[in-house]
């Protein structure tokens, strides 16, 4: 390690770069210096430095984060420690967050200090800590290959004596194939009767104390005959000082007492290396066979049998008997399966479609990569500041004006205009529409509550929507409630859900955006808002909507629609409501849609194709698919997701109005981000430059089309799909005219 190489990236040499240069000399490290990002990458690709130090004090020469990303984009940087040199923060200013640096790929930060001793201490600490850890990781493939080639039999078991790995020498000696051993407890294997009665107890007593045991032991081969072995069993201490593995080295007793020195390195790998950190197609492994053995051990060391683990084990077993080309293809499959974002498509580069990129970043990101120290705390919810008089004296809804009653008669039609109801009710459409729909679905009867309680509840919920939001107000909630009711009336949906599901869907739609601040989750996380801190930057708004809805409901008996329910049924209903509200969070959009397609669309389509007697009607097989609890959950999630973003499937005039409202809300967010110096989450939503048609086209292409194709295939919604096609064509025509606004310019 004394020959560690350091790359300094400084646009101009000064006392700080000189200090690091002399510190490298003192430490015995080889040092290069680069003055531009391009020369830095070129030098790094040539030398593969262990430590890279980038000057982040003067952004006029280059952006340190951009240089870091360029280096991190290269393959050799996987095991490189990258240090950012940052200016000292004045004592009267807030210490900036290191998260932007970490997300750019830096390992740590160094505050400007041109003392050679300070730089030397930093380098020595890096070398003793992270650099050495990276050396160990880099060596793992080679060490693992050595273990596979070791002539002595090696067996690794868990703390519970479940076999996790055996090497080829063990297979040869004992006559088993590793697939017959992995995952089995040692006690399940046949024992030789030639050992003394208390030998096993002696061994267990010793190794459970963390002590090594070695001695002569008879093992039983698969063939049934016994073999006398010299055995050495070493407990491996892991996290928390507990025994995590036992490593056994075995050889026929007649051999001399050689030891397999690679073993201890293997132990460390088992303790500390994540399975994804070692590439299955590393050049270190000399052959496909070694690579596949390495892969087997990685997979089988996962002792928790999650479904994905089972899938990986099946693939790995198939590799064992596959031709080389198939095995290599399956290796690539395994790499994909080990990623955390299995359901999120990978976007093209940002230049290709900035509208899609910004929408995805703004709607599907938790903002963690853009954290800031700025504080943004929107007004407290009406849970705290609404006066009691508003609850005690609800505005009477019994005497519904004829004009409103007439509008509500059209409620069952998809073309129903929620905007006309908004105007007629003076921006209180949710209470009126809720009464009408809840009555039609028998919600009061199901909940065993009075209509007066329901009226009070609807008014409390509506009062907690922000009328000042251009989009996320109670009209949007009423619109989603209307779409939810429309979907629930579709034959196939109705035949899949029971009344509790229906009531849960209607209640979830009503509350799904309550107290929405008119800002995205990314904004709240970047601003360090109280809600983001409360919910750990995870599904912040959706968690708040669900939690607040129940807080508002149960705090006052006058509006507690659940007060007469039996406890178990309430728990079931509550869980269903929470699940549906959380499903409206966009970060898991593709997961929900793909699960629906794979668990419901495809199996039902297969049954339709093979069933000759269905003749357009649902057959028993399809009903059994739809009605399982797991699939009912997927249907409810898909239902509220589609209801939540159904604007592009509404009649054109409604579609245009909603597009204008959501754009205005995003414009207002961008304005505030610029005002407060926060990161701009969706730069294309700048009111001075934004093309609304382009943003709508991107939204429909990326989020809407596939989801509504799947929902239409299930629920049969030809009218919606016609509107979607018409609206998409409208936005396309505007875009082709280079028009950026909601409507075409008037003819001259």
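Cβ coordinates come from backbone N, Cα and C, glycine included.
What TrEMBL says about this protein:
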type	residues	note
ACT_SITE	472	active site, proton donor
BINDING	472, 473, 474, 475, 476, 513, 644, 696	AMP binding site
BINDING	476, 512, 513, 644	Zn(2+) 1 binding site
BINDING	513	Zn(2+) 2 binding site
COMPBIAS	275-284	compositional bias 'Low complexity'
DOMAIN	139-210	domain 'PAS'
REGION	257-290	region 'Disordered'
Subject >> Spatially closest candidate among 512, 513, 644, 696, the listed binding-site residues, to residue 472 (active site, proton donor) (Cα to Cα) >> reply: 513
Subject >> Rounded Cα-Cα span from residue 696 (AMP binding site) to residue 512 (Zn(2+) 1 binding site), Å >> reply: 23
Subject >> Fewest Cβ neighbours within 10 Å, where candidates are the binding-site residues 473, 474, 475, 696 >> reply: 473
Original post:
By a simple count of other Cβ atoms within 10 Å, which of 472, 476, the recorded positions in the record, is least packed?
Top reply: 472
Original post:
Counting across all protein chains shown, how many other Cβ atoms sit within 10 Å of the Cβ of residue 512 (Zn(2+) 1 binding site)?
Top reply: 27
Original post:
Of all the binding-site residues given, 513, 644, which has the fewest Cβ neighbours within 10 Å once its own Cβ is left out?
Top reply: 644
Original post:
Taking every residue in the domain 'PAS' (139-210), what is their average pLDDT?
Top reply: 85
Subject >> Residues flanking the Zn(2+) 1 site, with Cβ no more than 8 Å from the Cβ centroid of 476, 512, 513, 644 and excluding those residues themselves >> reply: 472, 477, 480, 509, 516, 584
Subject >> Counts by DSSP class (helix H/G/I, strand E/B, coil) across the domain 'PAS' (139-210) >> reply: 35 helix, 12 strand, 25 coil
